[in-house]
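Quick look at what Swiss-Prot lists:
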type	residues	note
BINDING	LYS18, VAL19, SER20, GLY21, GLY61, ARG65, THR168, GLN169, TYR174, ASP177	ATP binding site
BINDING	GLY60, ASP80, THR141, GLY142, ASN143, PRO144, PHE145, CYS146, THR147, THR148	UMP binding site
Amino acid sequence: MKMVSDINALKYKKVLLKVSGEALMGNKQFGHEYEVIKKIAEDIKEVIDLGLEVAIVVGGGNIYRGINAALVGMDRASADYIGMLATVINALTLQNVMESLGIYTRVLSAIPMMSVCEPYIRRKAKRHMEKKRVVIFAGGTGNPFCTTDSAAVLRAIEMNCDILLKATQVDGVYDSDPKKNPNAKKYFTISYKDVITNHLQVMDTAAIAVARENKLPIRVFSIKEHGNIARVIQNKGKYTTIEE
């Protein structure tokens, strides 16, 4: 894949990548698929090789979904905390694979776990990124009733990122589920307001609202296609941009 050699030619120089837990399990029903995680790590390395500063927020849905557990009777706050622990497992797994490729990586958790990763401290996270280390944010926001999408938006804003890249199972935002509706319309660009008004399920409303308030653009794309992250950051490939 041909890369842009001059970082100054790129509009976005500091990015946050949101990776769902489901993306890490590949074709499995649960857990991790190593080859899939390795491909994601290789894709991230391509972005680093462009000279960008990279942060990541990872979900935990491949291991545990707090909202689903709450639906069957578990206390929602307790279920969400378990889900946060799942994101730490995923972050450590991704870190291990990335470091095997020579990528300097740090995991910072919103829930302190001193034996396995660093606690989230904003200044420390920014310093890691300045040193070209990839920072993986785990533990969501550290609070129940908040999604990892909300955590991704908050961390992107705190790190002064230029854009949030949301890696999904489809190649952008549609007016309905393209897996169920073959005639679903895809948007190349769409406003925050239209995402909220049309109840599009790309992110929860709170996350979109915070992104809008802070003018953080969001680019939605498919993580299934190898090399897609670097293409998308260079305005190539298939994606949808959410902005004002």
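Cβ from N, Cα, C; glycine included.
Model, not experiment: these values are computed from the prediction.
A separation of roughly 7 Å, to the nearest angstrom, links the Cα atoms of GLY60 (UMP binding site) and SER20 (ATP binding site). In this structure, ASN143 is the one among the binding-site residues SER20, THR141, ASN143, THR147 with the smallest number of other Cβ atoms inside 10 Å of its Cβ. Within the group of binding-site residues (GLY60, GLY61), the Cβ with the highest number of other Cβ atoms inside 10 Å belongs to GLY60. Long-range C-beta contacts of LYS18 (ATP binding site), restricted to its own chain and to partners at least six residues apart, with a cutoff below 8 Å, comprise ILE56, VAL57, VAL58, GLY59, THR148, ASP149, ALA152, LEU164, LEU165, LYS166, ALA167. Long-range Cβ proximity for PHE145 (UMP binding site), meaning a same-chain Cβ under 8 A and a gap of 6 or more residues, is found for ARG76, ALA77, ASP80. Closest by Cα distance to THR168 (ATP binding site), from the binding-site residues THR141, ASN143, THR147, is THR147.
Long-range Cβ neighbours of TYR174 (ATP binding site) (same chain, at least 6 residues apart, Cβ-Cβ under 8 Å): ASN181, ALA184, LYS185, LYS186, TYR187, LEU200. Residue density at THR168 (ATP binding site): 21 other Cβ atoms are found within 10 A of its Cβ, drawing on all protein chains shown. Taking the Cα atom of each, GLY61 (ATP binding site) and THR141 (UMP binding site) are about 15 angstrom apart.
Rounded to a whole number, the distance between the Cα atoms of SER20 (ATP binding site) and THR147 (UMP binding site) is 11 Å.
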